[in-house]
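The feature disulfide bond is assigned by Swiss-Prot to Cys99-Cys177. Look at Swiss-Prot and you will find Asn5, Asn173 tagged as N-linked glycosylation site, backed by sequence analysis. Here Swiss-Prot flags 1-27, 84-101, 166-194, 258-280 as topological domain 'Extracellular'. What Swiss-Prot lists as topological domain 'Cytoplasmic' is 49-62, 123-144, 216-236, 304-328. Sequence annotations record features per position, and here Swiss-Prot assigns transmembrane segment to 28-48, 63-83, 102-122, 145-165, 195-215, 237-257, 281-303.
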Amino acid sequence: MEQDNGTIQAPGLPPTTCVYREDFKRLLLTPVYSVVLVVGLPLNICVIAQICASRRTLTRSAVYTLNLALADLMYACSLPLLIYNYARGDHWPFGDLACRFVRFLFYANLHGSILFLTCISFQRYLGICHPLASWHKRGGRRAAWVVCGVVWLAVTAQCLPTAVFAATGIQRNRTVCYDLSPPILSTRYLPYGMALTVIGFLLPFIALLACYCRMARRLCRQDGPAGPVAQERRSKAARMAVVVAAVFAISFLPFHITKTAYLAVRSTPGVSCPVLETFAAAYKGTRPFASVNSVLDPILFYFTQQKFRRQPHDLLQRLTAKWQRQRV
């Protein structure tokens, strides 16, 4: 809910509109979204360009990472509208269709990132815990592209109702763009919002934790293969586990906890406006964490992929050497 509202609360019903003091959104969301745009846009473009340049040697993890970067790029391209909106004191001048599209992109990126990170983690789990099994190697990159197609279809199906519930409205003689739904639809939105959290976050999160618990047990076993190659493999898997867990903890967990609490409170009859405002502020205050995911994902890519991490350094060395030769 993205607005300072009027002051109507029917007895025995959830508060439909309350006066919110939300100056913090202009002070918090505008600079955070600006940083995500300025940093995340070029980073994700670089990730996409590097993966496409290496398309002949793509691994399945790289295919998932490419789709992850595409989701982040689409979201970053929608940020200028939100930055303008919050910089003008939460006034939305772009129309109802743009409002619905921007809200859809946010949640599509959010849940797409969760699912693609889960795919990357599961791929890592198979390589560590079932390295000799052939059943998961069939199909190669083609199978990975099929999985990505299924993920995109699932994300679209999950998040499409967001574009239905999101809408513009008039508050205090200005047009606003509701994030979840107009206040009058709060009880109708609740089942969908809870289902989206369970299916789009909780279940993938549990699957990811299960994968990494199994991987940790396997990597800590003393009877595993020895040698520098095996040690590097263990180290790489450990880095991936720590970084992905950090991404989930920073980007997704606070947002979904506060969102779930806010959805429950705003649909509860008899809740006072000050209480609702407190939960709304907590929810909206964690939204930047979810947006920063578009910056953390490409950093995760460079942190865990040594081959791609060397490419910018090698390119810089070649350009420097060429520039020095031209000076001679």
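Including glycine, each Cβ sits where the backbone N, Cα and C put it.
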Spatial neighbours, same chain, of Cys99 (disulfide bond) - Cβ under 8 Å, 6+ residues apart: Trp92, Ala166, Ala167, Thr168, Cys177, Tyr178
Three-class DSSP secondary structure - Cys177 (disulfide bond): strand
For Asn173 (N-linked glycosylation site): intrachain residues, at least 6 apart, with Cβ closer than 8 Å: none
Whether the transmembrane segment (281-303) meets the transmembrane segment (145-165): three or more C-beta pairs under 8 angstroms: no
Cβ-Cβ neighbours of Cys177 (disulfide bond) (radius 10 Å): 25
Summary of DSSP states over the topological domain 'Extracellular' (258-280), given as helix, strand and coil counts: 17 helix, 0 strand, 6 coil
The transmembrane segment (102-122) touching the transmembrane segment (195-215) per 3+ Cβ pairs under 8 Å rule: yes
Other parts of the chain folded back onto the transmembrane segment (145-165), taken as Cβ under 8 Å at six or more residues beyond its ends: 63-64, 67, 100-101, 103-104, 107-108, 111-112, 115-116, 119, 139, 178, 180-181, 185, 188-189, 192, 196, 199-200
